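Novice: Sharing the record's features from Swiss-Prot:
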BINDING   GLY226, PRO227, PRO228, GLY229, THR230, GLY231, LYS232, THR233  ATP binding site
COMPBIAS  1-13  compositional bias 'Gly residues'
COMPBIAS  14-26  compositional bias 'Basic and acidic residues'
COMPBIAS  86-103  compositional bias 'Basic and acidic residues'
REGION    1-53  region 'Disordered'
REGION    84-105  region 'Disordered'
Amino acid sequence: MGQSQSGGHGPGGGKKDDKDKKKKYEPPVPTRVGKKKKKTKGPDAASKPPLVTPHTQCRLKLLKLERIKDYLLMEEEFIRNQEQMKPLEEKQEEERSKVDDLRGTPMSVGTLEEIIDDNHAIVSTSVGSEHYVSILSFVDKDLLEPGCSVLLNHKVHAVIGVLMDDTDPLVTVMKLEKAPQETYADIGGLDNQIQEIKESVELPLTHPEYYEEMGIKPPKGVILYGPPGTGKTLLAKAVANQTSATFLRVVGSELIQKYLGDGPKLVRELFRVAEEHGPSIVFIDEIDAIGTKRYDSNSGGEREIQRTMLELLNQLDGFDSRGDVKVIMATNRIETLDPALIRPGRIDRKIEFPLPDEKTKKRIFQIHTSRMTLADDVTLDELIMAKDDLSGADIKAICTEAGLMALRERRMKVTNEDFKKSKENFLYKKTEGTPEGLYL
């Protein structure tokens, strides 16, 4: 029995055990999630660019950029259309402003009336209006003083600069740069008048110590009066030629200005320039244009003329001493002048210029005929001895007319007959030939 059981586990039972050993448990293969990963094929596959699939994202980006480009083109076209739709006036104004910015804007000139503080002032323009304006920060405040000329912005009138040379151009023109050619030798007669004007004007400028030793003050000014053509202006020219002083010549009518206050301002400028360039002589011809007697007037122009004369009175005899400034006035209507203008202290000497006498007439004829070619029969005694009221200018006109008569007949010498005819023609035109009031 025992052998039979053990025999049951013999060679047949060993085969079944081998089969059991081969059928061991193995876990299931895990399920793959996602795409199947491709196997790389070494370093060659790593160097190649990856394939992008699909192409949908790149195309969407391209379409988006194209749409943005279309929007930008539409905006550019819209702006261009808006520019073209602008009014022509606005476009021209914009272009004009650009040109002004490129070449600079003009500046107006005004007068500083009063300084309020460091940044504000009151200025006046040429039309007479006053403005409260600001002073820009770059303006030199040390140069600002009341009465100086300043540069103003043409829009807001702000002070943007200071004019260093604030001399009025009208006063600059009055100053004689070249001395006249006339001398005392060209004046016939008038010896007393020449002596008086030398004592009053020329000697105080050249030798003021003489008056200091005498203990007297030299005259401030003189007035030359007399009929027209007697040599008043000629004597003033001779004084300008004889002295080396600055000579300022002005006609009374030039001191009458259009705008209110310009006349007195011009008088102040005239004497200020004369004092700066001293010693100097101020010659005011035809002073009766502004120096007439004052009266109550309703006219604004007449009141302005009177204010100009009052400023002249102040300059002649004010608190400030004139120093080396001498004044010469000339008029042929001294009776119409205001007494305050020609009183002692302002005009200390009055020099009269009468019509020439026989001796003076002879001297004047000799001066005007010295350069003329005269015939042998010329005798001027008849012309000199005549009782006609001839002035120095009349004698010069007679000599000139005689020379023209000789030229008319193609002669190079002036005869005595030419002088007679020229005198007759001149006197006829002076007295009877020209109706009174023809040229008024």
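The backbone N, Cα and C atoms fix where each Cβ goes, glycine too.
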Novice: Let me spell it out: for each of the binding-site residues (GLY226, GLY231), count the other Cβ atoms within 10 Å of that residue's Cβ, using every protein chain shown. Which one has the most?
Specialist: GLY231
Novice: What kind of secondary structure is PRO227 (ATP binding site) part of, going by DSSP in three states?
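Specialist: For PRO227 (ATP binding site) - judged by DSSP and reduced to three states - the answer is coil.
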Novice: So which one is it: of the binding-site residues THR230, THR233, which has the fewest other Cβ atoms within 10 Å?
Specialist: THR233
Novice: Give the sequence-ordered set of same-chain residues, not counting GLY226, PRO227, PRO228, GLY229, THR230, GLY231, LYS232, THR233, with Cβ within 8 Å of the centre of the Cβ atoms defining the ATP site.
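Specialist: For the ATP site the neighbour list reads ASN332, PHE353, SER391, GLY392, ALA393.
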Novice: Within 10 Å of the Cβ of LYS232 (ATP binding site), how many other Cβ atoms are there?
Specialist: 23
Novice: Given the binding-site residues PRO227, PRO228, GLY229, and counting only Cβ atoms in the protein chains shown, which has the most within 10 Å of its Cβ?
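Specialist: Top count of Cβ atoms within 10 Å goes to GLY229.
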Novice: Under a three-state reduction of DSSP output, how is THR233 (ATP binding site) classified: helix, strand, or coil?
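Specialist: Its secondary structure by DSSP: helix.
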